[in-house]
Structure formats: structure tokens, C-alpha cells
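Engineer: Reproduced below are the annotations present in TrEMBL:
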- 5-120: domain 'Tetrahydrofolate dehydrogenase/cyclohydrolase catalytic' (DOMAIN)
- 139-284: domain 'Tetrahydrofolate dehydrogenase/cyclohydrolase NAD(P)-binding' (DOMAIN)
- 165, 166, 167, 231: NADP(+) binding site (BINDING)
Ligand SMILES: NC(=O)C1=CN([C@@H]2O[C@H](COP(=O)(O)OP(=O)(O)OC[C@H]3O[C@@H](n4cnc5c(N)ncnc54)[C@H](OP(=O)(O)O)[C@@H]3O)[C@@H](O)[C@H]2O)C=CC1
Ligand SMILES: Nc1nc(=O)c2c([nH]1)NC[C@@H]1CN(c3ccc(C(=O)N[C@@H](CCC(=O)O)C(=O)O)cc3)C=[N+]21
Ligand SMILES: [Mg+2]
């Protein structure tokens with residue numbers, strides 16, 4: 001039976017570090033770090049995440065400001081809000097919850113955010129910084145996954161990491177961080193041939209797909225470390241249940257260590273968002 005990597009515990013540790021650093025920041029600068037969360041439309045799943053983010057922010061002493069916009073908001077109206085938040089000195093971090101409704105251009109909105117306030121690390125300049133190993137804001141989910149990997153495995157040098165999924169928000173930045181940590185990195189996706197046999201070579205297997213229970217026991221090398229990023233919601237007998245991209249019941253009998261869903265990557269994502277907000281606030285202070 002695999003070791004269960006406890007994301008709640010890891011996130012509690014990071015949150016308490018951030019809370020301490022926020023106290024220092026306030027004492028030093030006399031202001032409170034602020035995070036603006038922009039939610040367009042009324043998708044219930046997004047509302048849950050946004051509520052979680054706002055609650056955790058308050059717990060660590062970060063002021064959070066929620067902006068809810070109608071699903072029909074125009075590109076110009078959303079851009080105007082982002083411009084206003086960019087100019088507001090009380091706002092140090094800006095997160096626009098994705099995905100946006102289809103009539104809005106996600107790339108243009110993300111690139112409208114001031115790079116120094118881009119706590120998701122999705123702005124083109126932060127993407128470039130990550131790709132070239134320069135300092136910048138790093139996406140929260142991959143960052144949180146790396147922390148759990150390091151705590152589980154120590155130095156990752158030379159390990160073969162396979163990342164399933166190539167999205168800009170998870171798969172690609174995850175691969176960049178693994179490469180930076182000296183892993184040999186393979187990316188697989190919906191067009192990969194014989195995906196099971198590629199995954200079976202992995203010492204580290206990261207699943208960021210959005211297909212419930214896609215990864216089966218025979219995709220996993222015995223003893224491998226499995227990071228399950230997937231958050232798939234199903235309603236079973238009227239109750240809301242979460243599933244990862246990994247078939248936890250069977251894979252946990254083969255893997256050496258595995259993150260559960262819920263209680264794995266999700267809580268670490270939020271803790272890293274708040275760590276990034278503090279980092280962003282620090283970077284905006286006069287020297
Ligand atoms: N825990 C957390 O904090 C977070 C969780 N998530 C969750 O992670 C998952 C992935 O999110 P995201 O990256 O945004 O998703 P996207 O839909 O943007 O990307 C999914 C990727 O998976 C690939 N894929 C789809 N089906 C298959 C398949 N059958 N076999 C192999 N590859 C496949 C796609 O391939 P192709 O490119 O070829 O289409 C694509 O690259 C979701 O469940 C999401 O909810 C996301 C963000 C944060
Ligand atoms: N701009 C932007 N940035 C994001 O970081 C972003 C986003 N858009 N859009 C959606 C995805 C998804 N995401 C999650 C964050 C926390 C949990 C989380 O806390 N999950 C809990 C369970 C929460 C529940 O009950 O649903 C857990 O896994 O234990 C899940 C998913 C961030 N995302
Ligand atoms: Mg996506």
C-alpha cells in the first residue's frame with residue numbers, strides 16, 4: 001500500500017509560514033497585502049474554489065476582494081476592471097478565475113494583468129521567466145506539486161517524470177519545474193500512442209487531464225510517486241463527490257506514494273496562491 005501524501009498537512013505548514021511572513025510584512029511596511037479575485041459568471045464549482053481562496057486568505061492575514069461579474073460581461077468591461085486593479089495600490093495580487101465564458105479572450109485578459117500582480121503566473125512574461133529559469137511568479141498548482149514531491153523524495157535529480165496533460169496552466173509549467181529539478185521529463189497527451197507503456201516508465205507520474213480515474217494500476221511502475229492534479233466532480237446519490245484523474249483504489253496498491261483527491265494538490269494550490277500574493281506584495285514595495 002502506497003504512502004498517502006497529505007496535501008492538507010503540507011498546505012497547513014505552508015499557510016502558517018505565510019501567516020508569519022505576513023505579520024512581518026505588515027510590521028515592516030505598515031500595510032496589508034491584498035488579493036483581488038475576479039469571478040465571471042456563476043459556475044458553482046468556481047464559486048466553491050473562490051470561496052475557499054477568500055477564506056484562506058483571511059486566515060493568513062491577507063485582505064481579499066472578490067469581484068463578481070455577470071456571465072455576459074464584455075471584453076472591454078472586464079479589461080477595464082483589470083486596469084483598475086492594476087492601478088490600485090491596495091491590490092498586490094490579481095487572479096481571474098478560469099475558464100472564462102467563450103466570448104472572452106482568455107489570453108488577452110491574462111496578459112492585461114500587471115506581471116508583478118499575476119499571482120497565477122499565467123502572464124506571458126512570467127511564463128517566459130519560468131521557461132528560461134529567471135525569477136518570477138510561478139503557477140500555484142505545479143509549485144505545490146513540486147513541494148510535495150520534494151518532501152516525499154528529496155532530491156529529484158535523474159528521475160524520469162512523465163506529465164499527462166499539456167495545458168498552459170498545469171501540464172506545461174509542471175514539466176518546466178521538473179526539468180529545472182533535473183528530472184528527465186516526458187509529456188504525454190490525447191494524441192500520444194500507447195500512453196500506458198510511456199507512463200509505466202515513470203518514477204514520477206503527474207496526471208493533469210480532467211478525465212476521472214483515467215490512470216489505472218497497469219500504467220504505474222511499482223514504487224512510483226503519483227501526483228493526481230485532477231478535480232472531477234460527480235453527483236452520486238445526490239451527494240457531490242470528487243475524483244482525481246487517477247484510479248486511487250487500484251493505483252495505491254502499486255505506487256510507492258500518491259496524493260489523494262480531495263486533500264492532495266488542491267489545498268496546496270491555495271496555499272501557494274497566498275505565498276505568491278505575499279511575494280507579489282514584497283516585490284511592489286519601494287526599496
Ligand atoms: N488541484 C488543482 O489545484 C487544480 C486542478 N485542476 C484539474 O486538473 C485537471 C486538468 O486541468 P487543465 O490542465 O486545466 O485541463 P485542460 O483541459 O486544459 O487540459 C487537459 C490535458 O489533458 C489531455 N488529455 C485529455 N484527455 C486525455 C486522454 N484521454 N489521455 C491523455 N491525455 C488527455 C489534453 O490533451 P490535448 O492537449 O491533446 O487535448 C490536455 O493536454 C482538471 O481535472 C482540472 O479540474 C486544474 C487546475 C488546478
Ligand atoms: N485563474 C485560476 N487559477 C487557478 O488556480 C484555478 C482556476 N483559475 N480555475 C480552476 C482551477 C481549479 N483550482 C483548484 C483550487 C483548489 C482546489 C481545492 O481546494 N480542492 C479541494 C477540495 C475542494 C472541493 O471540495 O471542491 C481538495 O482537492 O481537497 C481545487 C481546484 C484552481 N484553479
Ligand atoms: Mg483549461
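For all residues, glycine too, the Cβ spot is worked out from N, Cα and C.
Bear in mind that TrEMBL entries carry predicted annotations, made automatically and left uncurated.
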Engineer: Largest pairwise Cα distance, Å, within the listed NADP(+) binders 165, 166, 167, 231?
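Structural biologist: Site span for NADP(+), by Cα atoms: 16 Å.
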Engineer: For ligand 2, which among the binding-site residues 165, 166, 167, 231 have a CB under 6 Å from it?
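Structural biologist: Only 231 qualify.
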Engineer: Count the residues of the domain 'Tetrahydrofolate dehydrogenase/cyclohydrolase NAD(P)-binding' (139-284) that DSSP assigns to helix (H, G, I), to strand (E, B) and to coil, and report the three numbers in that order.
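Structural biologist: Helix/strand/coil tally for the domain 'Tetrahydrofolate dehydrogenase/cyclohydrolase NAD(P)-binding' (139-284): 55 helix, 32 strand, 59 coil.
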Engineer: Helix, strand, coil residue numbers for the domain 'Tetrahydrofolate dehydrogenase/cyclohydrolase catalytic' (5-120) per DSSP?
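Structural biologist: Breakdown, helix to coil: 62 helix, 19 strand, 35 coil.
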Engineer: Other than its own, how many Cβ atoms are within 10 Å of the Cβ belonging to residue 231 (NADP(+) binding site)?
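Structural biologist: There are 20 of them.
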Engineer: What are the sequence-distant neighbours of residue 167 (NADP(+) binding site), meaning same chain, six or more residues apart, C-beta distance under 8 angstroms?
Structural biologist: 208
Engineer: Out of 165, 166, give me whichever of these binding-site residues has the highest number of other Cβ atoms within 10 Å.
Structural biologist: 165
Engineer: Can you check how the pLDDT averages out over the domain 'Tetrahydrofolate dehydrogenase/cyclohydrolase NAD(P)-binding' (139-284)?
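Structural biologist: Value for the domain 'Tetrahydrofolate dehydrogenase/cyclohydrolase NAD(P)-binding' (139-284), mean pLDDT as a whole number: 98.
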Engineer: Suppose we screen the binding-site residues 165, 166, 167, 231 by Cβ distance to ligand 3 with a cut-off under 6 Å; which survive, in sequence order?
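Structural biologist: From 165, 166, 167, 231, counting a Cβ under 6 Å from ligand 3 as near, the near ones are 167.
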